[in-house]
Amino acid sequence: MAPVLALEGVSKRFGAVQALSDVSLEVNSGEVLALVGDNGAGKSTMIKVIAGVGPPDEGEIRWQGRPVTIHSPSEAQSLGIATVYQDLALCDNLDVVGNLFLGNEIRRLGVLDEVAMEKRSRDLLNTLSIKIPSVRIPVASLSGGQRQTVAISRSLLGEPKVVLLDEPTAALGVEQTAQVLDLVERLRAQGLGVILISHNMVDVKAVADRIAVLRLGRNNGVFDARSTTQEEIIAAITGATDNAVSRRRARSEEGE
Amino acid sequence: MTQEKPAGPAGEAQVDPRLLVREEGFAGYLGEFRRRIKGGELGPLPVIVGLVVIWLVFQTLNDRFLSPQNLSNLSVDIVATGLISVGIVFVLLLGEIDLSAGAVSGACAAVLAVLSVGQGWDPLLSMVVAVAVGGAMGLFHGFFFAKIGVPSFVVTLAGMLAWTGFQLWVLGPNGTINLPDGLISNLTDTYFAYVIAAYGLAAAATAGFLLVSLVGNARRRAAGVPSRTVGDIVFRTAVLAVVAFGVAYVLNLYRGLPLALLIFLAVVIVTDFVLRRTKYGRSIFAVGGNIEAARRAGINVAFIRMSVFAISGAFAALGGIFAASRISSASQATGQSNVLMMAIAAAVIGGTSLFGGRGSTYSALLGMLVIQSIASGMALQGVSNAIQFIVTGAVLLAAVVIDSVSRRSQKASGRA
C-alpha cells in the first residue's frame with residue numbers, strides 16, 4: 001500500500017539560504033514518524049511545506065499515491081492534513097467546546113447548537129481518553145498538557161489522515177508529557193499517520209516507529225526506532241559521525 | 001453559569017479527581033458561590049451589591065428616591081446612554097475602545113433633526129437614515145483600524161473631533177432644532193398605562209425563560225450531557241419572576257410601562273443572544289481572546305473588526321435619537337460633555353472587561369442603572385455638578401479596580 005503522504009526530492013530556497021535540498025520523507029497510516037534535527041536543519045521549513053504555508057520550489061508531494069500540490073493551509077486541510085503548531089493558538093476566554101469548534105461551529109437554525117457541540121466534544125475526548133475537568137471551563141484554567149491535548153483534539157475534528165505535531169512536548173512537565181505521548185499512541189492506534197517534530201530524544205524513542213533525521217537541509221538517514229540507539233540518532237543529528245576522528249577510524253579500519 | 005454536575009457514564013470517564021464537583025442542594029450552592037468569589041469570577045455580583053447600597057443610601061437621605069415616579073423616570077433616563085453603551089460593549093469585547101460614540105450620537109441626532117424638521121422627511125425614515133449614518137461612521141473608523149492598522153484609540157479620537165464638527169455644521173447657525181410632537185418625541189414619552197402591559201410582559205418573560213430552560217435542559221438530558229437540576233431552574237425562574245414583577249408593580253404605580261425601557265430591554269436581550277448564541281458573536285469573543293487563534297480558525301478578523309465598529313456607530317446613533325427624543329430637541333450639546341464617558345463607564349461598571357473577550361450587553365443595563373441612580377440621587381439632594389462628576393469618576397475607578405483585581409485573582413486560580 002502506498003504511503004498516505006510522501007515527499008520526494010523537495011527543495012526550498014529562501015534568498016541565499018538553501019533551506020531544504022532534495023529531501024524525501026514518507027509516512028504511512030498507523031505510523032508515528034519522528035522528524036528530528038538540530039536548529040536550522042530544516043524542520044520548520046518541512047512543516048511549512050506539508051502544511052501548505054510555504055510550498056516547495058522543487059519536488060513532488062504524493063497523497064495516497066497520487067501527486068498533489070499544496071499551496072495553502074486550507075488545501076492541506078481538505079486533503080486531510082492537520083497541523084498543530086507549537087504555539088497552540090487557543091482562545092483563553094472561551095471554554096473547551098468553544099475552542100474545539102472555533103470556526104467550525106455546529107449550528108441549528110442558524111443558532112449555535114451548544115448541546116450537539118458539547119456532546120461531540122465529550123465523545124471525542126472520551127475516545128482519546130483525554131481527562132479534562134469539564135468541557136465547559138475556560139481553556140485558561142487548563143494545564144499545559146491539557147491545553148496541548150485540546151489543541152490536538154481540535155485538529156482531529158476535521159477527521160484528518162495525517163497529523164503534524166510541532167514540538168508537542170516542549171515546555172511540558174513529566175506527567176503532562178506522558179499524557180501527550182499517550183495521545184500520540186492513540187492517534188496511531190486509530191490508523192492516523194503522525195508526524196512528530198521534537199527535540200526530545202526520549203520522547204521520540206518512546207513513541208516513534210521510524211525516525212527521519214534532517215541535517216543542514218538534507219536527509220541524514222531514516223532509522224528504525226526500536227533497533228537504533230539514542231546515541232546513533234544524536235550522532236546523525238549533529239553529524240558527530242562525520243568528523244576527522246571518525247573518518248580516520250574508518251580509514252584505519254579499511255587499512256586493516 | 002453554575003458548575004454543572006456530570007451525569008451518566010460519559011461524565012464519569014472525564015472527571016478529574018482534583019475537580020471540585022458541586023454538592024447537591026443548597027450547601028452545594030454556597031460552596032460553589034464561595035469558590036467563585038475566591039476565584040475572582042464575580043460576574044454581575046459587585047454591581048448588584050453596589051446598586052442596592054446606592055439605593056439604600058439615597059433612600060435614607062431622601063425618601064422620594066425610591067418613589068415610583070423617580071424610578072420610572074430613572075428607567076427612561078438610562079435608555080439613551082445605555083444604547084450607546086451597548087455598542088461600546090461590542091467594541092470592548094474586541095479589547096478595543098471607541099471614543100467617538102458620543103460625537104457620533106450627537107451628529108446623528110443632528111442629522112435626524114435636520115431631515116425630519118428641516119427637510120420634512122418622514123420621521124421613521126429619518127431615524128433609519130440617522131442610524132445608517134451612524135453605522136457608516138463606525139464602519140469608517142473600522143476600516144482605518146482593521147485595514148490600515150491605525151490604533152482604534154487614535155482613529156476614534158480623530159472621529160470624535162471630526163463628527164463633532166460635522167454636528168455643528170449640520171445644525172447650522174442656530175445650533176438647536178426643536179422636534180415637534182410626533183413619533184420621535186413619543187419614543188421616550190409613551191407609556192403603556194394599562195396595568196396588564198407591564199404585568200403581561202413580566203409574565204411573558206418569566207414563562208419564556210422557564211420554557212427555554214426546560215426545553216434546553218430536556219435536550220441536554222437526551223444528549224447525555226450535564227444538565228441542571230429542576231430545583232436549579234425553579235430557583236432561577238423564581239429570582240427572575242420576583243425582579244420582573246417587582247419592576248412591573250413599581251412602573252404601574254406611576255404611568256405604566258415606558259416604551260423606551262421596553263425597546264432598551266429588547267435591544268439588550270437580542271444583542272446578548274447574538275453574542276452568546278451565534279457564530280458571529282462567538283467570532284467576536286474569539287478575536288477579543290486570541291487574535292492569532294481566531295485567524296487560524298478561518299475567522300475573517302478584518303470583517304469582524306469593521307462590523308463591530310459599525311455596530312458601535314449604529315447604537316451610538318440610536319442612543320442619540322433617544323437623547324434628542326428625551327428633550328425634544330437636537331442641539332450642539334447632544335452627545336457632548338460626559339455622554340461618552342458615561343457610556344464607557346456603564347459598560348465597565350456593569351462587568352465588561354476592558355481587556356477584551358469578557359462581558360455581556362447586560363452590563364450596559366446594570367452599569368447605566370448604577371450611574372443614573374447616582375445622578376438622580378444627587379440631583380434630588382441638590383448636589384452640584386462638580387460633586388456629581390467626582391462621584392461618578394470614583395465609581396468608574398472602583399469598577400476598573402474590581403475588573404483588574406478580579407482578573408488577577410482569576411489568573412491566580414488559573415481562570416484567565
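Just so you know, glycine gets a Cβ as well, placed from its N, Cα and C.
Record features, source TrEMBL:
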type     : residues  : note
TRANSMEM : B:42-62   : transmembrane segment
TRANSMEM : B:74-94   : transmembrane segment
TRANSMEM : B:101-118 : transmembrane segment
TRANSMEM : B:124-146 : transmembrane segment
TRANSMEM : B:153-171 : transmembrane segment
TRANSMEM : B:191-212 : transmembrane segment
TRANSMEM : B:233-251 : transmembrane segment
TRANSMEM : B:257-275 : transmembrane segment
TRANSMEM : B:302-325 : transmembrane segment
TRANSMEM : B:337-355 : transmembrane segment
TRANSMEM : B:362-380 : transmembrane segment
TRANSMEM : B:386-405 : transmembrane segment
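In this chain, the transmembrane segment (B:257-275) does not touch the transmembrane segment (B:386-405); fewer than three CB pairs sit within less than 8 A of each other, excluding pairs fewer than 6 residues apart. Only sequence-distant pairs (6 or more apart) were considered; of these, fewer than three Cβ pairs between the transmembrane segment (B:302-325) and the transmembrane segment (B:233-251) are under 8 A, so the stretches are not in contact. Counting residues 6+ beyond its ends, the transmembrane segment (B:153-171) has Cβ neighbours under 8 Å at 96-104, 106-107, 109-111, 113-114, 137, 140-141, 144-145, 177, 330-332, 334-336, 340 in the same chain. Nonlocal intrachain contacts for the transmembrane segment (B:362-380), taken as residues 6+ away from its ends with a CB within less than 8 angstroms of a stretch CB, comprise 44, 47-48, 50-51, 54-55, 57-58, 61-62, 64-65, 70, 73-74, 77-78, 81-83, 85-86, 88-89, 264-265, 268, 272, 342-343, 345-352, 387-388, 391-392, 395, 399. The transmembrane segment (B:74-94) shares the most Cβ pairs under 8 Å with B:337-355, out of the stretches B:42-62, B:101-118, B:337-355. Remote same-chain residues near the transmembrane segment (B:337-355) are listed as 42-44, 46-47, 50, 81-82, 84-85, 87-89, 92-93, 95, 97, 99-103, 105-106, 160, 319, 323, 362-368, 370-371, 389, 392, 395-396, 399-400, 403, 407 (criterion: CB distance under 8 Å, separation of at least six residues from the stretch ends).
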